[in-house]
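Swiss-Prot has this to say about the protein:
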BINDING   CYS12, CYS99, CYS193  [4Fe-4S] cluster binding site
BINDING   HIS42, HIS77, HIS127, SER221, SER222, ASN223, SER265  dimethylallyl diphosphate binding site
BINDING   HIS42, HIS77, HIS127, SER221, SER222, ASN223, SER265  isopentenyl diphosphate binding site
BINDING   HIS42, HIS77, HIS127, THR165, SER221, SER222, ASN223, SER265  (2E)-4-hydroxy-3-methylbut-2-enyl diphosphate binding site
ACT_SITE  GLU129  active site, proton donor
Amino acid sequence: MEILIAEHAGFCFGVKRAIEIAYEELNKQKDTRLYTLGEIIHNPQVVKDLEEKGVRVIEEEELEKLLKGDRLIIRSHGISKKLYEFLEQKGVEIIDVTCPFVKKVQNIVEEYYKKGYDIVIVGDKNHPEVIGVNGWCEDKAYIVNSVEEAENLPFFEKACAVSQTTLIEKHWEDILEVLKSKAKELVYFNTICNATQKRQEAADALSKKVDVMFVIGGKHSSNTQKLRKICEKNCKNTYHIERADEITFEMLKGHDIIGITAGASTPDYVIEEVIEKIKSLKGEDENE
């Protein structure tokens, strides 16, 4: 049996930074309440650990409950400008761990919106990152996530297009081709983060060589879902799992080359647990 781990699997820079800062804030032992706006990352184990240590999750519709001096961690997905201003007015201590790649998209959108450009965001309209980015152009962006949606856009005098940072490269390129015919002047920025791109490329390459492919990450994680889609094209035995205990003997039976990749919100220890589980089950297989 051979277990192969894709390069660039697991925590990305932005997520790692967010987690480190959350634990640093916990260790400060301040007399103020500590919250994260939504789950800090799409990983149930990490969220549970933080909650057990005293970090509360608060949703946007509950923010009125916050008191002056409360600490609020803005997760790596970022938030809208309006929400930022609201929190400042309330006297909340904002701990902003917005991923620098996402911050870059926000800055581009704000700059070009002020210059009078229509903004087009290529991505999932329900994803927190996209919702936050849209908030830097007064929620007036056109959001498209397919070639068909792009074809239905109006014709723009001048437009600026950006991508959700976790998009699949080909998806962005296909939609961009349509956008080029939709504006007299189109300024566009491929804002897919290079860590996402490298992770996807590595998963694509590895899934072509293996009998079974495990994609580890939260079931609601956008970047993990995209990894699963990429791997499924190359390996029919692709499984999206959150935890090692989801792996069964049947998944591995008769297969010798096992591949593993992991989403940006997956800690190293979860990857290690998956490796140990595979070794344990394959040991049983060999003993039969």
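Numbering starts at 1 and runs along the chain as it is shown here.
Each residue, glycine too, has its Cβ placed from N, Cα and C.
Here the features listed in Swiss-Prot are painted onto the structure.
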residue: HIS42; record: dimethylallyl diphosphate binding site; Cβ contacts under 8 Å, 6 or more apart: GLY217, GLY218, HIS220, SER221, SER222, THR224, GLY263, SER265
residue: HIS77; record: dimethylallyl diphosphate binding site; Cβ contacts under 8 Å, 6 or more apart: GLY38, THR98, CYS99, VAL102, HIS127, PRO128, GLU129, GLY132
residue: THR165; record: (2E)-4-hydroxy-3-methylbut-2-enyl diphosphate binding site; Cβ contacts under 8 Å, 6 or more apart: CYS99, PHE101, VAL102, VAL105, GLU129, THR191, ILE192, CYS193, THR196
residue: ASN223; record: dimethylallyl diphosphate binding site; Cβ contacts under 8 Å, 6 or more apart: THR166, THR196, ARG199, GLY217, GLY263, ALA264, SER265
The residue listed as 'active site, proton donor', number of other Cβ atoms within 10 Å:
25
